[in-house]
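The domain 'Cadherin' annotation in TrEMBL covers 112-219, 220-334, 409-456, 457-564, 563-671. Sequence annotations record features per position, and here TrEMBL assigns transmembrane segment to 671-704.
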Amino acid sequence: VKFNNCAGNKGVRYETNSLDFKVRADGTLYAAHHLQVPSKQLILVVTAWDPQSLGRWEAMVRFLVAEKSQHNGHKPKGRKALPGELVQQQSDTLLPWRQHQSANGLRRQKRDWVIPPINVPENSRGPFPQQLVRIRSDKDKEIHIRYSITGVGADQPPMEVFNIDPVSGRMYVTRPMDREERASYHLRAHAVDMNGNKVENPIDLYIYVIDMNDNRPEFINQVYNGSVDEGSKPGTYVMTVTANDADDGTTANGMVRYRIVTQTPQSPSQNMFTINSETGDIVTVAAGLDREKVQQYIVIVQATDMEGNLNYGLSNTATAIITVTDVNDNPPEFTTSTVRRAAGCCSAEKPQKGVRASVIITRDLTRGQAGSRNWGGMGLPTTTCIHSHFSFSQPKAPREKIQHFAAAVDYEMNRAFMLTVMVSNQAPLASGIQMSFQSTAGVTISVTDVNEAPYFPTNHKLIRLEEGVPTGTVLTTFSAVDPDRFMQQAVRYSKLSDPANWLNINATNGQITTAAVLDRESDYIKNNVYEATFLAADNGIPPASGTGTLQIYLIDINDNAPELLPKEAQICEKPNLNVINITAADADIDPNVGPFVFELPSVPSAVRKNWTITRLNGDYAQLSLRIMYLEAGVYDVPIIVTDSGNPPLYNTSVIKVKVCPCDENGDCTTIGAVAAAGLGTGAIIAILICIIILLTMVLLFVVWMKRREKERHTKQLLIDPEDDVRDNILKYDEEGGGEEDQDYDLSQLQQPETMDHVLNKTPGVRRVDERPIGAEPQYPIRPVIPHPGDIGDFINEGLRAADNDPTAPPYDSLLVFDYEGSGSTAGSVSSLNSSSSGDQDYDYLNDWGPRFKKLADMYGGGEED
């Protein structure tokens, strides 16, 4: 046997699975001893293993044994125990367990045969179960034997792929096999008697799944990206595409071959690339790659198994995108139209004062890859001109303008600029390019005048002055300058920001004056500085304006007297270590503050008699009792505080001192605190008496009101009952309308007793002279015992209730009367007239009381009235 581990076979050892044969180090297979081969075919497994790497390799060796000629017609020795044939090509029955015959008769051999592998094609269509082989022992003629198989595919997952008939020993496959799922199976066959006793030793069965071409090649990526420099020589490597086939790679089913199907575009040749059919390497096959003409190629690659046989093999495709990368083979150059304008010079107009605008300088950049070093040009003015006013930005797209930006162009200083611009690539030209790597052009830039905003030469301007200057004081002149010298323009000034409204500015000359007194202690002052902003605007077209800031530093003067601190304090009524520490606060700053002088006024004299001040330092002093005892209470102690300004200012401040009895710790007691509040025993008694008197007066007032209310209900009318007209509505009997009116149905004029005839009417039909249906208002109830003061209220309430009662006649609706005919038995009432003759005497109205006085005045008094 021959073996090669690619490392010289150093240390490799060989062994077989049979004790009858051995393998030398050179691979020679020899018999270990004299033996009788009982078969026409013998199969061995030779194993090569490396002790260092622990790698193991196996190979199957099959011997074909030639039979020797036998005399007297006897069979060869040892053939008696083999009634059947072992060769699988001649029979499907295997006798893996054999016996030898010796002089003592039959005996069991410990050595067993090696069963050749069983090959099963994948994707078989059946029918299933499909018989593979039959296994039997030659003892099955003597005893009943049961056969079984174990291993992966039998009693281990995947389960029941193979099974065996326990009586006949026929082994079956139960379903189609898939080599890509599992390529081989290792089973063990067992033979036992009916009691489960082992009759034969287990034998190994190797089942190999024969591969079928049932899988297409699959590319690792569906799209491959590669690149190659333009101008590359034929044979330049571009990229590698790879496809894998799940079939057996040792057979044609898994051997993949590659080819290029299409190339897009087919310029300058339809075969610019080729591919290695076995490795998948794509290389250039023709010259002429030019990025300026073709920037990208799309190549369709096909992978086919069966060693590339398109008739029998399965295929798949992938896309290879090949980008042609740029090399610097084209120098930059200015466009021909620009150069022709004026012998390589060109002109442009440029706004002044740093306005960012481009000049008309372009480059032909279509022959380089945009954004790369081979395309990006570096524009530089030559040393023959002043270029400090300009800067250059690199182009970002083909035929883009090279931008020139003015840094500080001023029409009043320079009306035009002459530039010579040079442009070159950032990367050097590729080798073999015989061309200049740069290009130049002349540029004339004209500056156009625009209206510029006035500006303040000293911005921010700082002035210093003392606070408190009077109103109308001229502080300074804050004027602006108009840079447009060739334009006759006027500048006017105005306030833009004046937080305290302290300043005024002259609109024509910018003179600043005070509009109020400047106070350093104001909240508008920050760090002794007051800040205001002014606006200067010209009358140009369009108008332009500029701002300036004026800062006023205010010098402090002594204009604030000191204030005593604290305003309230507490001290014991007897002198001890308990004293009051006092200080002062001054809104001014040094030197117009401390040290302070604290002193007691001479008037009233009791102040200096009862109190004394002890100076601690320049800012603090102590206030304490001068006498041995002072009655508890609150005392206003005036203190004169004087600062150190020039001239000094003083202020008489009052501190409220609460004098109270103290305990042994020097703290005021609770009783002492009340007493110190200024309320003595007499004052407290007086307050209590006042409270009692006030409560008594309130109680008497309540009793009086109750008594008065009772009198109102029990007091009789002050007028004659006959003259009392309160609610005296007299109801007379109805006399009817006379004899001629007896036939009329007066019930229609009366209020109906029930509303059934109204509620039962058809909706929408209603008599307008009926009483409306609705809630009736509550009329006031007349008191049982009337009072003369209630007459007016009662009448007004009744009148208001009647006015708001929709159910009280006359109803507020249109009355519809029936037609009575053209004639009437009654005469016309127009003949009735009122006479003003004095037949009627109305003087009796004067006797009816004051309520009828008005009526008596109208109708009484005789004809003379």
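Glycine is treated like the rest: Cβ placed from N, Cα and C.
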For the domain 'Cadherin' (220-334), give the DSSP counts of helix residues, strand residues and coil residues.
6 helix, 49 strand, 60 coil
Segment-level pLDDT (mean, integer) for the domain 'Cadherin' (112-219):
89
When the domain 'Cadherin' (457-564) is classified with DSSP, how many of its residues are helical, how many are strand and how many are coil?
0 helix, 49 strand, 59 coil
The domain 'Cadherin' (409-456), counted residue by residue under DSSP: helix, strand, coil:
0 helix, 22 strand, 26 coil
